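Please read the structure below before turning to the comments.
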């Protein structure tokens, strides 16, 4: 202890509770980064360690595992499970691709746009796993058809030796061309899944962690982060990143030949064959059934209710009907209400009475969802991860660790805010390549909140961009499940992903900071330090 006091004088002022909480955070950070235990089990450590170290009572710790953000997560996932269960996502994807066509550049744009849209509502992993087989089937058909055309061209009799050499060169050239296209298409799908997930509040787990942390650390924030405000900030940024990513992958894997990339002035039979592959897949789905129509209606209704609950520029329906004096109804309430209807509405048009062929009364048709399907597809481990993060944030407040960290970081006040945000975004984007985005946001956000309060900077000015950057893991196959899926499907090497991903990481950090200092500042009023972020408001001794 004497050595610690000599080398680290500030630690002599840290009370036992603060040091204990810091120990728990460091321990969980190590466990999350090394994955020596399942991530969800590590998320349960505060339930054990906080009461035993005298930081928080067990009942107070356990409450953190079922917050409003967790309910929003559950409701959003139930809707996503229903969409996947009735193949509505596949119908939407194939319909969009049939409209876009099979020209290489437009095909890539179609796959990226469709994957990003699906990732806004269902999991990034599910959208990637669904889109990549379709992409591979279309590319295989294009390659095979072009090969058949070349074989037909080679059927003239002489000279045999020269023709065989030319044929071999053409075959190798064609294979190299489609290998490049395969790489680009695989990367485009997995990158679009990660980018698309940032556009909505329920699109990926870090977004919900930010909302939960802000509500926990700053209870009087006036619901500053809701579905509408998040979408208003993140959707334009997502579109900008998607376009830049598309152009970069086009340049890397298709070159600058606009005629070949966009198919200008070309009309090949191979395109018709590849188009036929997608058309056949769409025909296999058949016409839209009653269940799909119900899921689509509920899905659209949920989005409308989210947008109009508290749009910001006018009183929403929740404010008029329920939230006159307190925020009774939240986005989580709406999500659970709509997802509950999946267990009530039948999957077939009900009949009035009647008997089956064997004379028995007809049974009621099954509902749109049943619990067995939900139990199989619901990622319950994420709920424990979310709860562990909220428990850490609460423990940091109660122990006083947040205040101590904030005071220690006060000298950063002399650095321009845009520089702080940019450097923190780079740090987060680098860290998330080696750690899960959930663990990254869970560890970083409480510290960033403390720093912002200490230097009188709007908390969202650093918390918001770092949360989005935690989802921009483009360089390594192990960084995200979509990257891993693409790595297994395409003929990708680690260096292929690293070269493409490094540039996109930098581009992502730049675009997020541009968005933050333009329309983000207007939406969240980031240029002023809000009253609800005052340290005396959030700190409880």
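A Cβ is built for glycine as well, from the same backbone N, Cα and C atoms used for every other residue.
Model, not experiment: these values are computed from the prediction.
Taken from TrEMBL as is:
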TRANSMEM  21-50  transmembrane segment
TRANSMEM  70-88  transmembrane segment
TRANSMEM  100-122  transmembrane segment
TRANSMEM  227-251  transmembrane segment
TRANSMEM  288-308  transmembrane segment
TRANSMEM  415-431  transmembrane segment
TRANSMEM  438-455  transmembrane segment
TRANSMEM  500-524  transmembrane segment
Recorded stretch that, among 70-88, 227-251, 415-431, has the most CB pairs under 8 Å to the transmembrane segment (500-524): 227-251
Top partner of the transmembrane segment (21-50) among 288-308, 415-431, 438-455 - counted as Cβ pairs under 8 Å: 438-455
Contacting positions for the transmembrane segment (288-308) when only residues 6+ beyond its ends and CB under 8 Å are counted: 79, 82-83, 86-88, 91, 121, 226-228, 231, 316-317, 331, 334-335, 338, 341-342, 345, 347-349, 368
For the transmembrane segment (415-431), sequence-distant contacts whose Cβ falls under 8 Å of one of its Cβ atoms, 6 or more beyond its ends: 440, 444, 448, 457, 461-462, 465-466, 469-470, 472-473, 505, 508-509, 512-513, 516-517
